[in-house]
Amino acid sequence: MAQDNSSRVTEFILLGLSDTRELQLLFFTLFLLAYTMVLLGNLLIIVTVRTDPKLSSPMYFLLSNLSFIDICYTSVTTPRVLVALLSGHKAIAFEGCMAQLFFLHFVGSSEMFLLTVMAFDRYTAICRPLNYTAIMAHGLCWALVAACWAGGFIHSIVQTLLMLQLPFCGPNTIPSYFCDVPPVVRLACADTTLTEWLMASNSGLISLGCFLVLVASYTLILAKVRARLSQGRWKALSTCASHVVVVTLFFVPCIFTYLRPAGTLSTNKYICVIYTTFSPMMNPLIYTLRSHEVKESVWRLWKR
C-alpha cells in the first residue's frame, strides 16, 4: 500500500502510565528506586563474580551474564520513562521507537534463552553432580551464552523488519510508556492480520517454549530430590522454588502479551511493568544474593 511521504508518521506519543501529576511523581519515585536497585544489585553481582576466584563455577558465570542482561534490559525503557515522567515530554521519534523495540526484544529474548540455559545448568548440577564439571565445561558455557545473544538478535531483527514494512500514516498515540509490538502495530494504516500472526508466532512461541522447558527442568529436579530430604536436598528444593517464582513473574506476562495477535485484546501497560522493571529487580535477590557463597564474597569485597 503506497503512502505519501508527507503523511508518514515521524514520531509517536507515549501516553505513559498516568496523566495525573501526583501519580506521575509517584511513578517517577518508584521507577527510580527500582532502576537504582537493578543497577546496584546487578553491578555488585558482576564485580563480585569477576573478582572472587571462588565464584568461578559455571553457575556464577551464567549468573553474572544474567546480571549484565538485566541491566541492559531495564536500561532500554526505564531511563526514558524517568525523563518523560519528570519533564512531561511524551514524544519519541519513529526511528527511536523502532530502535527501542529492537533492543527490547533483542535483550529480552536473550534473557529468556539464558534462563533456559541456567535451568539446564541447575538440572545438571543437582541430578548429575558427578558429570557436572565435564558437561558444563568452560568452552560450552561461552558457546551457550553466545548462542543466547545470537538467538535474541535473530528474533529481534525479524520483529523489527516486520514492523518496518508496515505503513504508519494516521494515529500516532501509543497507550503505553514504551514502544512495543502490540501497541505499535495497531497504528499501522493497513491490514496487519498476517503480520500480527507472524509476530505472535515469533515472540509468543519463544516465550511459551522457554517457559515450558523451564517448568519441565524444575519438575525433573523436584522429582529427583523428592525422596532425598537431607539438608542439601532441602536447599536445592528451596532454590528451585524461588527460581520458579521469578521465572513465572517474567514469563507469564510475556506469554499473555505476545501469544496472540495484537488486535485481539488490548495490552495492559501495568502488566508490562512486571517483566520490564519488577522482574529484573528481583533477579539479584532470588538468583544470587540468597547464596551463602555470594554473600561471603560480597563481604570480602566490602572489607577489601
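Even glycines carry a Cβ here, placed using N, Cα and C.
Please treat TrEMBL annotations as automatic predictions, because they have not gone through curation.
Among the features that TrEMBL reports, transmembrane segment is placed at 25-47, 59-78, 98-120, 132-158, 204-225, 237-259. The domain 'G-protein coupled receptors family 1 profile' annotation in TrEMBL covers 41-287.
Through the fold, the transmembrane segment (98-120) approaches residues 59, 62-63, 65-66, 69-70, 72-73, 76-77, 80, 92, 144-145, 147-149, 151-153, 155-157, 159-160, 163-164, 178-181, 184, 203, 206-207, 210, 213-214, 217-218, 243, 247, 250-251, 254, 275-276, 287 of its own chain, all at least 6 residues removed from its boundaries and within a Cβ separation under 8 Å.
On the 0 to 100 pLDDT scale, the domain 'G-protein coupled receptors family 1 profile' (41-287) averages 85 in this prediction. For the transmembrane segment (25-47), same-chain residues at least 6 beyond its ends with a Cβ under 8 Å from one of its own Cβ atoms are 16-18, 63-64, 67-68, 70-71, 74, 78-79, 81-82, 85-86, 277-278, 280-281, 283-285, 288-289, 294, 298, 301.
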